[in-house]
């Protein structure tokens, strides 16, 4: 081994002399020595750091048996691996390149890990790892220890191993190479130890391959027994189920002395002798002293005869008594601690001692299982027992235990027993009393009031019982709070209700016994009276058959009578109220009343709601049926319907739909064209109804009438002008005709005759706008020519009688002017007295056509005003 170390120092010194000035800045870490054997492989974990932080390896070589040539200043030797940077730069990626037996697992940054597989024995020694990064170079020696055969593993164990204490053994091998797996197995006396082996806590294996160490380990943790002392433990190295090497160690288990005790005989009658022997079978380390200690029932024995020998001790008991019965053991000590033997029991036979009775439980509850035990020390145990109840034998029970499955009050009393074995009879020491507790019995609730009980009365109840052990201490009532307690066991219920619950009481000691509930049977008027609709099942429509039922929940007494009321008035008697064909008039609030001998109860009002189609529809007009144009009118469709009308339809006098679906129809602003009749139609979920027509009259406003009068006057004036021109033309035409006629006749006279104008009846009697007389509305004036025979005499008779004609006062050329009288104002329609009269004067001239010139007009002419 020294040779190897000297060789290593020489190589290191040689390499140090060959380093460049910057070599001190390189850092290379790897295990100091790597171990392997012929045919295996070696993995060399390696990390490096170049002087320049960003430098990358350009070249890496692995030499075997290398030397430094001072002449060339280069290293020479067998090259196992040579890798130079190529154009493809993997940067931090692994090269994973293999040359021969060597695989480079590192990179150009910081990893120089190598693997040699297979490894050979002549590879043992130093390898040189030459790395170049730019101008920086480094040679790193790596020492290999390769043997021809697999070397043994090492086993590490603690300095002291004690029985039953957990201990860990470590088996290790300074070898680990990926691709050449090895397995470490444990054996105890040629029996393989696994994780399921008794006393083994765990077996763990680990492989470590770092720049500091390369090894494989297996840890065995177990609790050794004292019997494992001196046994061999073997660690075996396996590869592909083949044993490569192994190492064996022997266990040195420290333990306390192991003793063995024997008693002869184990059963003895009183006054005989007994010998006990204690032997030390094993101890590691040896005993401190030869003395052995004895114990009885856990206490050290003193003042007893002992015989001490090498690794053995004897205990001799003379004339044993019953007190010497018990469990014996012996004890010895070494440096680890005291060791104890197993316990052996010494039995001393004797007749039964005076007996005592134990009762479980005591006191006992009624119905419980009770066990009585007869206690009487005897060896051998008593084989026959006699039981006594109140000093009277209990036949049939001869066992140590007397069991009562369900104890009752009559089981109470004093119990005793007498034990017997083959050595004789015992005696009765003392009696035991069995106390049986039970709840109060025959509990009843008694009503101390007059019956029947009416609603609102006061009731007194008393709780009674027959017997109790222990005595009754309290009473309970159910339901709680149903009344006031006058004294223990007496309850007073004030103003009992109709629905009073049954009342029960309980008499209590440590348990309570409840009496059967007592029904108070309170008499009361009918309760929860209500109206039920029997038919129809759904909504009620006019014309359907309706049946109502009067129902109630409770009544005491049960005999009742039924009555029906509508809106507070009595309708009929009986449980059912029937409508053969219900009508809207049947709607209203109905109550049913139920009475018995105690009183009567009225139900809540039940509203009978009859559904029917709209009826009694009419149209109301606001503000009235006569409205001036320009105002607004609101037409409302009033109806009687259930449910209310959901849709309205409006129609005018022609029956045309006005496309208004609301209850009200608003007309704004009104026009004369709105005059006419209107009607509405209403629809609900039941049907449809329609109203009769209502008439709306829209009259003209004063503004409209003024405009129309002005237009009429203009039209009348035009007619008048045309009429005047026509009259003139007609007059001229008549004059021409008259001249022709007069020429044919000797003489003639002409005058105007006015036709009588009939008065028109006004359109309405309502207030109308007033206007002035319209001449165009008057009749035209007809002209008549009266011919008079030329005679000297004329009468003053009618114009149509020739015989009465009088001669004109002067047959000479003369002119007579006629007076057209003014008509009264009442003779003209639409003439307002307030209108100013026309002051214009129209002249009417009667001309007598004849020979000669027209005479000059006289100055005494009468004028009249003609009203147009």
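Glycine is no exception: its Cβ is also placed from the backbone N, Cα and C atoms.
TrEMBL assigns the feature transmembrane segment to residues 709-727, out of the candidate ranges 652-670, 671-689, 690-708, 709-727. Looking at 598-632, 738-772, the stretch flagged in TrEMBL as region 'Disordered' turns out to be 738-772. Per TrEMBL, the range carrying the annotation region 'Disordered' out of 549-570, 571-592, 791-812 is 791-812.
When pLDDT is averaged over the domain 'Ig-like' (153-250), the result is 92.
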